[in-house]
């Protein structure tokens, strides 16, 4: 229910909804408006031109004559206009777009205006999404498990088949569409035996059913495929991308898929990565591999999303010269210009793997002739697994604003991946979903903010974190100033808090192997994964400089290279990502590395307790179920934070022999 | 085939086998003799009194009159006599015993004499097993997996049912019987849902089938039971051992079991250990729990084998006062005298868990009024997992000879567990099996020696390791002096080699969690399992002294307590088990702790390579299949040893900052 004062003033606008667009998406737009307004105003609007004095009109460019068609020149195919027209005989709020998809987004935008108590009497909004591809990746397996899922089982699959709960999928489509997501891949990038068959007649009818649901909300469906499919499905003896029988197999396969799903998006591919098959087996490169698939998809308008998460996952820890951080750049940069124009490379935000803090990938902007999209991780694999609170919008905003200098100063990552800098044909952002079949979708109630914020931020990376956060908090918990204040503060504080009590100064990876929850300082130190901190009794950190280390810093454009290369001006929070320093090294903040470790870990626990205390102030202001959900997890977070604090501090105290200046308890 | 020279001289003895004992075991004895002699001599003996000039006679005391019945007074029910009687009209080798079971053991002994080329013309052997219960425990699950199994799947179970391959089980019974094993438990001590039902009508017919096979080789069958069975199977609301309905439930259950298996051995119980249910739930103790089961089994002659592997497996690593090593003694010692006389406590050799080196359990000899048996682990969980060669007879021999001083000087563990010191009603030794359905039974060909040696050693702990080893090598590989020399040396060297390149100086536990293969110095350091080494930049080790540590040393009798308590005289190889010392501490060997770590780890790898080189000398002397099996594993062992060397050395170099005196490569 919307706010009463607001309603008194604005409800006249909500009495009539006139839709002039009868397509599937047009109907979705109208239904969403109708249902939400009914709930928020407590009254069902009429949907025919009525005697009401005011009206909402949904219309595409052509079937409206309320405003000039020229105004639509500013819109792209997904953009829209929302305008209050009072000079009309019947005061009208016009929701209009070039396409019915734009209309759907306009409807959701309009509902957000209501939820955030905007005055409806003088709207004048023109919106275009800044990114073209706005995607969610699922790492769902057909046995119902989700790789890196922390909110229950898959909503798509169970028992190696598709679920029959299509309502849940429809609700998910509505959620995604409401924040502007327009593409989804529904299965894990690690494509196992059963999932390999998703592109066969056995499962394509089911995929089509799901695609139909998503289509009605403007979302295009993609599948992750197994690069070795020609062998596993087609009985071929090879998957060599230059082999004509293989190329032909994929062409026929593409025809099959498009027979079932005419607007199928394309393939997401993890190849030659972490033991997945790929073109390397045949001494071909990533361009060969992806172009073959692109060729097959091209006649149907499909694209290949080829992941750049490629590195040596069988590294010998004794080999200090090989640097996993270099891998994506070293693999892909030399291929710039060789990819077909319906291939797009998907690049993780950092060169390692979604750590709480790592450098930004130097690949952004490095390939001027290649389509590229950015990959974020909404599911909190390394950031608390939806037990610990970690609001990632702040992190992503920071990443998107990072100036690559790719086309001179003022080339932030957001301007690379939106395609504007190098005029890419395909561009955008993808992220791994954080939802599952838990009642509240995300396990932790407040983790919903990450999915919401992800959608909003990639629609428009220029939005401030403050605006996005305020929208979510008010839409979720209402407008009580105390609630808004505390929930907002909790979200804003949470990422720095999580960073405080976990791996220090950008070094990463001090987690338990495999499941990645909880501290284990040497958990990845003597492993094959290329993930080391090199702590000894004197110091810690990975020397990635050109002058004495792995030379990784040279992958950045000059301006950034000089910053990272320099021990003096390298930002504190990435110091150990770029340099190996003594524990006694003084940070720019003025404290030594070891004292920083101690301080932040003691503080982190206190801050985690602070989150819990803040939340407890809202006991009577938030419904019991959500209150308890969050409170239970905050209490788990405190225990986790204490484990981190004590393990990290003990590890470094035992290793360095240097005492905490403040004599706090270290074991 | 037996040695030709030996055969020329002795084959006259092998022409005729006359058995005067027609029982099931008597038949087993005769068949084993007959089949083996056929294979070894190349000719089938006759089995009736024949015209042959010589004969072998199998007879129990009563049905023979070749030697005085008084001679049998020296035998117990499992003992036997083997005697060559030349003064008889027909020269005879008499295999005789009070029971048909003794006869079976006599037959196997006789075959061993042939295999080891003993002269048969003047045998005069009187043998009794020194231990009463000589047991093998299986940790097999009904899904076919084996907890800590390294030689394939279970030979008993698959797909949550019993296997139909009874021949394999019979072969196993023959193997065990040939080395004198007389008891077996066939399912894992961690009794999961399906296995809980082994004591129900659903599975008891199958258990009976297996028990029938083992019975025909003198082996009694036991089952591991779930302490919560009355709840899970009986729909009771409690498993309280003092509750009359619970006691009654078990009594009825015992009746069921014995209806199917009249000579059923009894129950093996892991209770209140590592999350298994037990009497603690009801605020009862281990005596209450085991006595209840003993009461139910007593009418049928069954026994309860109650494991003492009880400790806090949810320890906070920050708590340095709690000491897992103390746990078994602290739990059980106060209960001495409270157990029924058909209860026997099963005590692991060490207070931790089958490490390559740890102290001996102080419980041995500490409970003068309680039946106790020793538990070894043949399966190489922490000792190379049948990839790395580790001959455990040397370890076990050392343990059995350890003087507890329980009844003054000269009370070795072997005299405690054989029941002689405190005249226990039940006594003996059990061990976890190392076999599976691999063709060669044990994965590593040479790991067979551990099973063989285990049987021989517990039959007679006074046997030297040299004798046991020589028997096995000759029986397995024949008598080529070079083969005997090298295989024997490999076995003897293997335990010290494995110790060299793994955890140093008795501290243990530097393994990967869960699967326990390969190095991970901090793998158990910040865990809940009570398994710590406390290494810091200055030193390492667990202070278990009374004067400054956990007080564990006080659990030993005075003479041992004084040795372990003293930093000066504590044996080097247990130093870090009992003391926390600086890396610069000088061992009795003259080198410092840190230099010892470096030296042994560099040496260990060289020695592992030496094992491989030694084996390679036998390329033309051992059949290809066995040669390759061992060679492949030795090569894997070398890689493993290098990982250990480099990880351990790097860890301690990074932690201590102390360089290797010899400047060898540390990473």
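The backbone N, Cα and C atoms fix where each Cβ goes, and this holds for glycine too.
Record features (TrEMBL):
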- A:274: active site, proton donor (ACT_SITE)
- A:353: active site, proton acceptor (ACT_SITE)
- A:381: active site, proton acceptor (ACT_SITE)
- A:8-110: domain 'Alpha glucuronidase N-terminal' (DOMAIN)
- A:114-441: domain 'Glycosyl hydrolase family 67 catalytic' (DOMAIN)
- A:442-664: domain 'Glycosyl hydrolase family 67 C-terminal' (DOMAIN)
With DSSP helix as H/G/I and strand as E/B, how many residues of the domain 'Alpha glucuronidase N-terminal' (A:8-110) fall in helix, strand and coil?
42 helix, 23 strand, 38 coil
Residue A:381 (active site, proton acceptor) and residue A:353 (active site, proton acceptor), compared by Cα position, are separated in whole Å by 10
How big is the gap, in Å, between the Cα of residue A:353 (active site, proton acceptor) and that of the residue listed as 'active site, proton donor', rounded to a whole number?
13
Per DSSP, the residue listed as 'active site, proton donor' is which: helix, strand or coil?
coil
Between A:353, A:381, which of the active-site residues has its C-beta surrounded by the fewest other C-beta atoms within 10 Å?
A:353
Using DSSP and three states only, what is residue A:353 (active site, proton acceptor)?
coil
Cβ-Cβ distance under 8 Å to residue A:274 (active site, proton donor), same chain, at least six residues away
A:190, A:309, A:313
Model confidence for the domain 'Glycosyl hydrolase family 67 catalytic' (A:114-441), as mean pLDDT, reads 97
